[in-house]
């Protein structure tokens, strides 16, 4: 190897070892197997492990194929429990078996198996088991010594968890206080816990807690209140973001998971993830067809009525989605705990009345100026508009509440169901009012 | 005072001093001024300050009225810079003036004034200035002593920031490493920085960084790369949540800020926040009226065509909102950097073609079985459906890209504009196809 090349490689080594594992992982996406192999050799072991944990499933498998048994062993050793479990959950069964048998040391297997047992999207599946706990009878000096001897990552040591003799969680002490108050007692320094979560709770609980309380670590306990793990808020923020994207996806009918990496995902996969929802909407929308068919005579006698169908439907749909968005948000923030349906219905009715009147005023003027239709048609449209907006507000407000009561994610129900119900209702009102007022 | 009462009060004192400030603040919402006054006396000073910072604007003003000058002085002293600035931004000008003159000590005024100067929603307005920085020429022992003497809150001391002689930020050292490696040099322990943000950046930048990289503190620098503050991830999660709610609100036409506290906000305020968007939608929707009017003859000759207007519009709207949601998400994650419009257009066209064909198949069968209309009408509807879905996909895909290019928040453009354009386009296609195929 020429001197020039060695210098180049030294330079590369220096550079990539200063990068963030997430950036290295992104970088790997665009490299050939050979280029990746070279970089794996150059990366510090702990950085390699962190980078590996951030890679896509395919890249992970590619890298495991490249690595010698010895290197694989080293890599698996450097992965912390959480990273290892995430990896194992992605890999095919035969690879998992091989890794567990050959590369996971015997002392780690019980905890790995336990973590693998938590259901997907549970707190247990996202927590870390790397934390430092100390019994409450210890002296501050003894706890300080525990930190001194600990080989945990430094960012896992900000808080030292305090338990009683039966390992039940009592609170925590900040590392900084250990340094500043060496003469104190545990009871002087201990901070009580605002909230704990169960390993079997939905991960969403962690995200909500982290959002509401300014916690930097959320302690995870078992049913006996023994500490089994923690979720750092750095991870809770990812959970929150995922939950939000899931909500967006639910409301707008996309399967979020399959639309990740928009450009790389095949057209067919994306199309497949979108079709189901559209077909459901299409079929439910055919109800509106039947209503129009039922009033075909009314419509034929006064074709001008057709002009306002889109406007009425859009106004209803928009008014309804405003309400459902607000209610979903209020549910999420816990503002509606113990509040009766009726209270929301009445509030939305009142809001709908105010909003509806404003819209009717604007619309009446618009029709008078721009459209050459009978005043009676204007009146029919106005009455329908007011009623549609009020109805939509109530429907949009109450559907998420029903979903919540039925323990269904309100966002799943928000999109298509509201549109269909609102469309149907507004068309029925429209033609009913029309056939009475226009004497058809 | 009877012994019984004293015991009661002691019990209350013990209880509330173990609560989280956020829970106490919520609790205060439902108490009378007298009850609050009592609790203020019982709360530890630092807990009172943290609680105060969490209260609503009205409660804050109420409490400042209750407190004696001495107690106000004490309270203001306990508020950290960030909490104080947040409070001052909420209070009326005369109160701010009074507090700044009488209760903020002279040494704090410059930093408070500086923080007050950052624009709303900038990083500077959300960062904390309570951090510990050390110069890189210091020994580990000297830095340890800095921690020992620091009177910062313990949770602000996890990372000690390292700067050069000119105060430019170099990296940080974990507190735990100071304890574990007392003999090391700064250069052995220093962690390099993945990312820094500018105090003038939009706060969204912090939320995105915190999400992408597992950072527990995001350092904020000035244009000379000098450390001016930090944003803990506990706060970044709040920013992320706020940004998401703003996005939801934009897409569904609600002014999020005015719909906070749904039940407490007056009907009129909520109605006002919803009306503008609905009026815009109403007016743009009238375009569809003109189109229907233009084809009134076509429609009068074949009233059955009206049956499919709602279904076609809904399908178009839904297909479009799927695409816009996906594209907004991809923009947010930075997946589309440097990608040409044409690539997205072509991808959405292909997806739209696949999805459209599937919908047409389902719909043709549905019409054949359920509706007694001519096959020619079925054909018109089918052709329109395919074209509408493809068009909607492209429009839904490209509008957020245009918004992004124009530096407008794509979510603002997502809702009403897409609906109107898609509705207009699908109606035009519908009637154009109908008048040709049905020879009207």
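Each Cβ is built from the backbone N, Cα and C atoms, and glycine gets one as well.
The domain 'Magnesium transporter MgtE intracellular' annotation in TrEMBL covers A:19-123. Per TrEMBL, domain 'CBS' is recorded for A:130-183, A:193-241. According to TrEMBL, the transmembrane segment annotation covers A:275-292, A:351-369, A:375-399, A:411-431.
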Other parts of the chain folded back onto the transmembrane segment (A:375-399), taken as Cβ under 8 Å at six or more residues beyond its ends: 302, 304-305, 308, 312, 315-317, 319-324, 326-327, 341, 344-345, 347-349, 351-353, 355-357, 359-360, 363-364, 367-368, 410, 413-414, 417-418, 421-422, 425-426, 429-430, 433-434, 437-438
Residues in the domain 'Magnesium transporter MgtE intracellular' (A:19-123) grouped by DSSP into helix, strand and remaining coil: 81 helix, 1 strand, 23 coil
Long-range neighbours of the transmembrane segment (A:351-369), counting only residues six or more past its ends (CB under 8 A): 311, 315, 319, 323, 378, 381-382, 385-394
Composition by DSSP (helix, strand, coil) of residues within the domain 'CBS' (A:130-183): 19 helix, 15 strand, 20 coil
Secondary structure composition of the domain 'CBS' (A:193-241) [DSSP: H/G/I, E/B, coil]: 19 helix, 15 strand, 15 coil
Model confidence over the domain 'CBS' (A:193-241), averaged pLDDT: 89
